[in-house]
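> These came from Swiss-Prot, pasted as-is:
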type	residues	note
ACT_SITE	ASP51	active site, proton acceptor
ACT_SITE	THR122	active site, proton acceptor
BINDING	GLU74, ASP117, LEU119	Mg(2+) 1 binding site
BINDING	GLU74	Mg(2+) 3 binding site
BINDING	ASP117, ASP120, ASP247	Mg(2+) 2 binding site
BINDING	THR195, HIS198, GLY220, LYS224	AMP binding site
MOD_RES	ALA2	N-acetylalanine
MOD_RES	THR122	phosphothreonine
MOD_RES	SER240	phosphoserine
MOD_RES	LYS244	N6-succinyllysine
Amino acid sequence: MASSHTVLMRLVASAYSIAQKAGTIVRCVIAEGDLGIVQKTSATDLQTKADRLVQMSICSSLARKFPKLTIIGEEDLPPGEVDQELIEDGQWEEILKQPCPSQYSAIKEEDLVVWVDPLDGTKEYTEGLLDNVTVLIGIAYEGKAIAGIINQPYYNYQAGPDAALGRTIWGVLGLGAFGFQLKEAPAGKHIITTTRSHSNQLVTDCISAMNPDTVLRVGGAGNKIIQLIEGKASAYVFASPGCKKWDTCAPEVILHAVGGKLTDIHGNALQYNKEVKHMNSAGVLAALRNYEYYASHVPESVKNALIP
């Protein structure tokens, strides 16, 4: 019975099923051939039909089941009736079998803030770089990201017709992260992943100071954190404003649950309470291992230019 499970684990189990449905919606929009692209603030800040439908699906599905939640989504959508086909009311039973970490067992619905990025890597989505795309649902308590779900709609899309398309990664602090194979980047190598479409001199200066062996430029914050946990990159460095709370909330949980660290460029933890400003104005610095190496190499000039 649902009542025997904690609010947090019921929410995570529901968000998992909702994220899977979101992945299906993302694939359907591509298959139909009309992305419905709208330019928001610039040529690199885009919104598609998938962004709109997925946000409606996630936010409405969560709000129906958990009416006291605070839900903050990336897209500014007009209120209105949501098509019943977009509603997902299932929950992933495997998650309900897991124990809730004791520090979260008494959390109430109204204590939680959910940060939603319906399509992280929208620009890449419009350009056919489908492996960059993720759906992000992050859950915060007392300003801290404590649970997260990442759906990769096109995971395996280049692995041949017999490969299962898409996957969902999830994690809860104090419990762990699941749905992927943890792998560390090669020891002694500094492989840095950073922005593909929002670079500037600060970003370049910060990365150069870290003596990188390789620099990967890819889309999506969720995608970059997946690179860290799967050993494709050693650090994620973005010394610039631009990234928002819905970009980092879910990925941060997955990284922290396996022993990594994500902060702003100054080393401060990011805050996720409902009143906080949405922009991560002091950038992002993350690593699975050896975080201190990267933090110690951030130039003072870069820190001085980025005010938290």
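Numbers run from 1 along the shown chain.
Cβ coordinates come from backbone N, Cα and C, glycine included.
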> Whose Cβ lies within 8 Å of the mean position of the Cβ atoms of THR195, HIS198, GLY220, LYS224, the AMP site, other than those residues?
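Going along the sequence, the neighbours appear as GLY121, THR194, ARG196, SER197, VAL218, GLY219, ALA221, ASN223, PHE238, CYS243.
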> Would you mind reading off the Cα separation of THR122 (active site, proton acceptor) from ASP51 (active site, proton acceptor), to the nearest angstrom?
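Per the Cα atoms, THR122 (active site, proton acceptor) and ASP51 (active site, proton acceptor) stand 8 Å apart.
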> Starting from LEU119 (Mg(2+) 1 binding site), work out which of the recorded positions listed here (ASP51, THR195, GLY220, LYS244) have their Cα within 10 Å, and give them in sequence order.
ASP51, GLY220
> When you rank ASP51, GLU74, LYS244, ASP247 by Cα distance to GLY220 (AMP binding site), which of the recorded positions ends up on top as the closest?
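Its closest listed neighbour, by Cα, is ASP247.
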> State the count of C-beta atoms found within 10 angstroms of the C-beta of ASP120 (Mg(2+) 2 binding site), not counting that atom itself.
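Taking every protein chain into account, the count is 28.
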> Take the Cβ of LEU119 (Mg(2+) 1 binding site) and count every other Cβ within 10 Å, whichever protein chain it belongs to.
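Summing over all protein chains shown, LEU119 (Mg(2+) 1 binding site) has 30 other Cβ atoms within 10 Å.
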> State the Cα to Cα distance, in Å, between ASP51 (active site, proton acceptor) and ASP247 (Mg(2+) 2 binding site), rounded to an integer.
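So the Cα of ASP247 (Mg(2+) 2 binding site) lies 14 Å away from that of ASP51 (active site, proton acceptor).
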> Setting ASP117, ASP120, ASP247 aside, what same-chain residues sit with their Cβ within 8 Å of the center of the Cβ atoms that define the Mg(2+) 2 site, listed in sequence order?
GLU74, LEU119, GLY121, THR134, LEU136, GLY220, ALA221, GLY222, LYS244, TRP246, THR248, ALA250, PRO251
> In whole Å, how far is GLU74 (Mg(2+) 1 binding site) from the residue listed as 'N6-succinyllysine' when you measure between their Cα atoms?
9
> For the residue listed as 'phosphoserine', which residues of its chain lie six or more apart in sequence with Cβ-Cβ distance below 8 Å?
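Set apart from the residue listed as 'phosphoserine' by at least 6 residues yet with Cβ under 8 Å, we have THR195, HIS198, SER199, ASN200, LEU202, VAL203, GLY283, LEU306.
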